[in-house]
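> Features from TrEMBL:
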- HIS102, ASP131, HIS133, ASP135: Mn(2+) 1 binding site (BINDING)
- ASP232, ASP234: Mn(2+) 2 binding site (BINDING)
Amino acid sequence: MKRAYEIIGAPFGFAANKSGSRTAPDYLRENGLNIKIRQRTNEFWGSDIEDFGNVEVDSQINELYKSEKTLEAVKLYCEKLNDCVYNSYVRGKTPIIIGGDHSISVGTVSAASRYLKETNSKSNLGLIWVDAHADLNNLENGNIHGKSVAISLGYVYQDMFKLSNLTDVIDTKNIMYIGIRDLMPNEYVTIQNKNISLYGMDKIDKSGIREVIKEIVSKLEETTDGIFLSFDIDACDGGVYRGCATPEVGGLTAREAIQIIDYVSQSKKFMGADIVEYSPEDDTNGNTNQLVIKLIDTLVGYRM
């Protein structure tokens, strides 16, 4: 399927326990993700590819972080990112956003939801969340990048986000988790009470990743108006891919990760994706860099 893709860098890393992911967009461009080469080969790939550049962290956001107002910094940055991704949709592009920590998904997911609402008079967005963690922490304590889904659902920080377009943008029935293997007790309770779909590594081991992702995409194609993919690199096996803030052993293989992205991105309802939490400073052997580039290539149409 021919699409016009737009690469958007989101170098924001203030919401995690380590901020190494903020350097990922530019590091990837300089170490293997050569957009100009990909532009020249787009006839072979069947896709148009453009590099928008970065949504930069401005001085106001930096000052908020320095003043220990991290939540305010997240909100302001995600509002900027929301506008950028929304305008990418308006231009007829399929945005591929490179983080950054996983808090940026508050901006990317809400932008997809906003565009659906303004073009379809409703927002019935499907969200595939590939991660070792649910990022559904609805408590006041803890790193904000572990609360991205909770913010998008309107389960936490309501006073801060209630007047923004960043929260209450997705329905629990339209969330599909893949690869979760480290849940907080309160997250487990929420998933059980809200009947949120979770395909953990045990399900993947039993059924195989191809059957799992086919089932997920089939469900979302039937029940939603668009599908957004959010992919945290720590979903992959942390024993092999250490270049992230919170590596977890026992995750997805490279081939499983590629199959997820390959299948989702071929759906007619695919609206775009973010890839987050790659930390070059923790990628001592370069394995994770190679994997992230392979995943981005798969997103923009290079089939393997």
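Each residue, glycine too, has its Cβ placed from N, Cα and C.
Automated prediction, rather than curation, is the source of TrEMBL annotations.
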> Sort ASP135 (Mn(2+) 1 binding site) into helix, strand or coil using the DSSP assignment.
coil
> Work out the three-state DSSP category of ASP232 (Mn(2+) 2 binding site).
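DSSP call for ASP232 (Mn(2+) 2 binding site): strand.
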> Sort out the sequence-distant neighbours of HIS102 (Mn(2+) 1 binding site) for me: same chain, 6+ apart, CB within less than 8 Å of its CB, listed by position.
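Set apart from HIS102 (Mn(2+) 1 binding site) by at least 6 residues yet with Cβ under 8 Å, we have ALA15, ALA16, ASP131, ASP135, HIS145, GLY146, SER148, SER230, ASP232, VAL276, GLU277.
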> Can you name every residue in this chain, apart from HIS102, ASP131, HIS133, ASP135, with its Cβ inside 8 Å of the center of the Cβ atoms of the recorded Mn(2+) 1 site?
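Near the Mn(2+) 1 site, the remaining chain residues are TRP129, ALA132, ALA134, HIS145, GLY146, SER148, VAL149, ASP232, ASP234, GLU277.
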> Provide, as an integer number of angstrom, the distance between the C-alpha atoms of ASP234 (Mn(2+) 2 binding site) and HIS133 (Mn(2+) 1 binding site).
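Taking the Cα atoms only, ASP234 (Mn(2+) 2 binding site) lies 8 Å from HIS133 (Mn(2+) 1 binding site).
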> Tally every other Cβ atom lying within 10 Å of the Cβ atom of ASP135 (Mn(2+) 1 binding site).
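Taking every protein chain into account, the count is 27.
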> What's the number of neighbouring CB atoms sitting within 10 A of the CB on HIS133 (Mn(2+) 1 binding site)?
26
